[in-house]
Ligand SMILES: Cc1cc2nc3c(=O)[nH]c(=O)nc-3n(C[C@H](O)[C@H](O)[C@H](O)COP(=O)(O)O)c2cc1C
């Protein structure tokens, strides 16, 4: 069992990574159904929370079934970050996570997110301010360092543990790498195997298959893995990894009925949570992923991304199930998009 403060997670937990514009309540619901052990909100600006900005406040929403659930905040000002942690407390999440990893210019260049990686003393002060402001467990998500010359995660881990964080998630890239190249887990393994470190260390970056998850688990000894892009349109990745860790065997790929059922749940939750217009519109980016692997699906996809009512979309989803009933999917080959170019937050 892995403990984050008073939160108990199963052995080798799989965490859904916080993802702006992706890991909202509808998406989290389908990840939870399919094996995610712990989930986080999208990152929330501390200044936005304090100003009571609608967008920031809305990101605090979560459902009881999502627990254990963490709210992720970011900011470069000690007082504001501490105050925003207090605001998070009002909705009673299980923990508060601080983002020191966002590489996006508008965040990092303002001295927040990965920008803090340039100034470890500031990172420590910011974290301390949050730890002192809340009685909830505080965790941190960060990268290896700012650039190749400052890969200081080993020092960071020790100093943040010393001031009271309860777990650390590490994305195996520097800020300067953005999403380029391959994530390097060597330093993540070093942090985990440092005898001074006793908080859980979660590895993150490029996990896209059960094989890779098990290989990295064994090679780097991390307490658990955080998964981001691979879960987009393929939330089955969590249970597939769990099954492979336990048995060394692969689960059968989800059938067309299962894919459509999950896609439908995502759509309906989206509709309910975001309202008809935004719910339907924002769901459009997910259909291609859910339907990947089906032959000649373009015609259906075009309909799904132009229809304006849930009833019409449901009818097309029914048609897809009928047309492809019994279709045998190849074992999934997940493609990790280079979000440096495509990510909505860049
Ligand atoms: C669309 C998108 C949005 C993201 N937003 C956040 C965020 O809000 N907070 C955060 O800590 N990381 C964010 N990330 C980074 C992911 O949490 C994760 O660290 C990164 O994608 C690497 O993991 P992966 O290879 O499993 O995707 C985002 C990534 C993507 C692709």
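Note: Cβ is positioned from N, Cα and C throughout, glycine not excepted.
Since the structure is predicted, the reported quantities are computational estimates derived from the model, not experimental observations.
Residues annotated as active site, proton donor in TrEMBL: 102. Just so you know, the Cβ of residue 102 (active site, proton donor) picks up 24 other Cβ atoms within 10 Å once every protein chain is counted.
In sequence order, 18, 40, 41, 42, 43, 44, 96, 97, 98, 99, 141 make up the list of same-chain residues 6 or more apart from residue 72 (FMN binding site) whose Cβ falls under 8 Å from its Cβ. The FMN binding site annotation in TrEMBL covers 72, 141, 171, 228, 229.
Summarising the annotation, TrEMBL assigns domain 'DUS-like FMN-binding' to 15-320.
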- Tell me, roughly as an integer, the mean pLDDT over the domain 'DUS-like FMN-binding' (15-320). 95
- Message: Based on the record's binding annotation for FMN (72, 141, 171, 228, 229), what whole-number value in Å is the widest Cα to Cα distance?
- Response: 18
- C-alpha of residue 228 (FMN binding site) to C-alpha of residue 102 (active site, proton donor): distance in Å? 14
- Message: When DSSP is mapped onto helix/strand/coil, what comes out for residue 229 (FMN binding site)?
- Response: helix
- Query: What's the CA-CA gap between residue 102 (active site, proton donor) and residue 229 (FMN binding site) in angstrom, rounded?
  - Reply: 15
